[in-house]
Amino acid sequence: MLCRFASAGRSSAKLIAPLGCLVSRQKHTLPDLPYDYGALEPHINAEIMQLHHSKHHATYVNNLNVAEEKYKEALAKGDVTAQVSLQPALKFNGGGHINHTIFWTNLSPNGGGEPKGELMEAIKRDFGSFASFKEKLTAVSVGVQGSGWGWLGYNKEQGRLQIAACANQDPLQGTTGLIPLLGIDVWEHAYYLQYKNVRPDYLKAIWNVINWENVSSRYATCKK
């Protein structure tokens, strides 16, 4: 079901369309982290990671399951009004689940540095240099008003990388059509306990734990 959300089209209506298969669905579950909560220190401390994963992400998962159950009931009753009213909750919590599931794998205690191979060549082609790319993605992420995400995505139609920002928990692919490669969470719960309201300091630190192997793998997959 998660992949159904991730492959949805540009509009909210298209995002929710695949929910017709809810009759036989399995409930979403919180994915395990591929590292300990304290593994990303000193760049992201253990308290933030524990709360972010076990509380915030878990809440999106739980609320998504509740919303899908209600949507299933509305489908069975043919209640279109209820189906429409549930779509914001499905988009928000479904997006929160999608985004965080990507985010955890985009980070690694062995991360940082620069990507290699085809991804690095694509970054140089589309942004001029890695330094320019890093500066642009950081600026877009700093500039998100309120809560949201900064993204590196792949435009399959144009065959190039693009930088984008999404508000709240809007999923990148479901709302822009870009395939997500690297997401940076700029909700305050991702950094406030350590960096207070200084988002630029958090963004400077997070580059030290970016898992370029994961980002490169995503790039290779979406090009097939």
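Heads up, the Cβ atoms here are built off N, Cα and C, so glycines get one too.
As recorded in TrEMBL, the features of this protein are as follows:
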type	residues	note
DOMAIN	27-108	domain 'Manganese/iron superoxide dismutase N-terminal'
BINDING	HIS52, HIS100, ASP185, HIS189	Mn(2+) binding site
DOMAIN	115-218	domain 'Manganese/iron superoxide dismutase C-terminal'
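Using a 10 Å radius centred on the Cβ of HIS189 (Mn(2+) binding site) and all shown protein chains, the other Cβ atoms total 13. Restricting the average to the domain 'Manganese/iron superoxide dismutase N-terminal' (27-108) gives a pLDDT of 97.
Summary of the Mn(2+) site environment: with the site residues HIS52, HIS100, ASP185, HIS189 set aside, the chain residues having Cβ atoms within 8 Å of the Cβ mean position are HIS53, HIS56, HIS57, PHE103, TRP187, ALA190. Per DSSP, the domain 'Manganese/iron superoxide dismutase C-terminal' (115-218) is made up of 54 helix, 24 strand, 26 coil.
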